[in-house]
Amino acid sequence: MAKLDFDRSKEHVNVGTIGHVDHGKTTLTAAIATVLSKKGLSEARDYASIDNAPEEKARGITINTSHIEYQTEKRHYAHVDCPGHADYVKNMITGAAQMDGAILVVAATDGPMPQTREHILLSKQVGVPRMVVFLNKCDMVDDEEMIGLVEMEIRDLLSEYGFDGDNAPIVRGSALKALEGDAVYEDKILELMNAVDTYIENPVKELDKPFLMAVEDVFTITGRGTVATGRVERGRLTLNEEVEIVGLKPTKKTVVTGIEMFRKNLKEALAGDNAGLLLRGVNRDDVERGQVLAKPGSIVPHTEFEAAIYVLKKEEGGRHTPFFKNYKPQFYFRTTDVTGGVEFEAGREMVMPGENVNLKVKLISPIAVEEGTKFSIREGGRTVGAGSVTKIVK
């Protein structure tokens with residue numbers, strides 16, 4: 001089949017299926033693609049092609065993820081589905097697959113299970129704003145009352161973790177029946193996508209966020225001044241705008257008097273650009289790798305925060321042994337490592353390889369971080385874990 005043209009007139013939204021093992025996440029993903037393909041809005045995909053998820057690397061961690069794309073009348077979607085529970089945890093914590101909203105799949109035959117709870121919590125921690133629920137396998141439950149009870153249980157669970165349990169849409173259906181072409185259940189897939197279209201909000205575009213660029217390198221141009229290079233993470237910057245140099249040292253304000261990309265002078269730098277910024281009145285020693293250049297007042301340096309972390313298993317190249325309270329690894333933010341200590345939640349003595357835990361981190365130097373900032377945990381340059389900042393402490 002010919003490649004679908006990328007239609008820029010449609011809003012682009014990133015979604016993903018989450019939920020307990022064997023509740024039907026991958027079958028639902030295949031059903032969405034297949035039902036929409038009948039309207040010419042997607043390529044049909046079978047279960048096997050999605051389940052056979054390719055490996056990718058994010059922050060030094062290997063993750064299996066399937067990416068598929070499809071359209072509705074309103075939007076263009078990128079949809080991620082992971083084969084295993086650990087892949088979900090790693091995906092969310094590394095931010096490898098950004099989600100503007102999630103489709104929570106719950107089997108009506110089982111109701112919410114341990115991983116249902118875990119995925120909802122993780123979604124909240126990494127900042128997934130909204131969730132739509134697909135109640136799967138409804139063809140296997142005869143008792144209407146039973147399905148109603150499962151729905152109530154899901155709403156309570158969503159509310160417990162800070163989602164809007166009262167108003168989240170819950171669509172009843174059967175992904176397998178829809179995939180097999182049963183018209184009644186195909187309509188349920190369209191009903192689900194309609195809920196996703198309306199309930200999951202358009203994301204704030206990276207360009208509309210306040211400017212931020214992590215400094216990768218610094219050099220001096222004789223007679224002109226100091227240039228900091230890096231990739232613009234978000235926002236836009238125009239010539240002669242003020243920026244702050246944040247992190248590692250006291251925050252300092254400067255004006256950008258030149259923007260260069262591929263040896264050409266530009267009037268502005270945009271999210272995604274690799275740019276060199278000429279900084280007025282800044283010495284070579286005032287700015288270093290690991291700091292960020294940001295819109296004044298938009299981000300401040302911190303040393304203490306809470307985080308959700310995933311610790312790599314031995315088989316994934318991680319530690320072979322647990323770590324304890326006096327553990328002091330390096331925390332790699334954007335472009336640099338900073339040493340820090342960890343504090344566990346009450347009652348926890350150690351953290352085992354393969355665990356997903358919440359802990360408090362205290363860095364020895366302040367770094368520009370905010371809720372949602374992602375980092376790697378490293379020992380001597382080797383990645384042993386990944387984390388996402390869930391709450392700023394200091």
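Easy rule for this one: first residue shown is 1, then count along the chain.
Glycine residues also receive a Cβ, built from the backbone N, Cα and C atoms like all the rest.
Over in Swiss-Prot, the protein carries these features:
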- 19-26, 81-85, 136-139: GTP binding site (BINDING)
- T26: Mg(2+) binding site (BINDING)
- 10-204: domain 'tr-type G' (DOMAIN)
- 19-26: region 'G1' (REGION)
- 60-64: region 'G2' (REGION)
- 81-84: region 'G3' (REGION)
- 136-139: region 'G4' (REGION)
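Positions of Swiss-Prot features highlighted on the structure.
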residue : record              : Cβ contacts under 8 Å, 6 or more apart
G19     : GTP binding site    : K25, L104, V105, V106, Q115, T116, H119
D22     : GTP binding site    : A107
T26     : Mg(2+) binding site : T17, Y47, I50, D51, S66, D81, P83
C82     : GTP binding site    : G16, A53, I63, N64, T65, S66, Y88, N91
H85     : GTP binding site    : V21, Q115, E118
C138    : GTP binding site    : A108, I147, R172, G173, S174
- What else in the chain is close to the region 'G3' (81-84), if you only count residues 6 or more beyond its ends and a Cβ gap under 8 Å? 16-17, 21, 25-26, 29, 50-51, 53, 63-66, 68, 91
- Query: According to DSSP, which kind of secondary structure is C82 (GTP binding site) found in, if we only use helix, strand and coil?
  - Reply: coil
- Message: Among all protein chains shown, how many Cβ atoms are found within 10 Å of the Cβ of K25 (GTP binding site), not counting that one?
- Response: 27
- Item | Tertiary contacts of the region 'G4' (136-139) (same chain, 6+ residues out, Cβ under 8 Å) | 23-24, 27-28, 105-109, 147, 172-177, 185
- Item | Confidence summary (mean pLDDT) of the region 'G3' (81-84) | 84
- Task: Determine how many residues of the region 'G1' (19-26) DSSP places in helix, in strand and in coil.
- Result: 2 helix, 1 strand, 5 coil
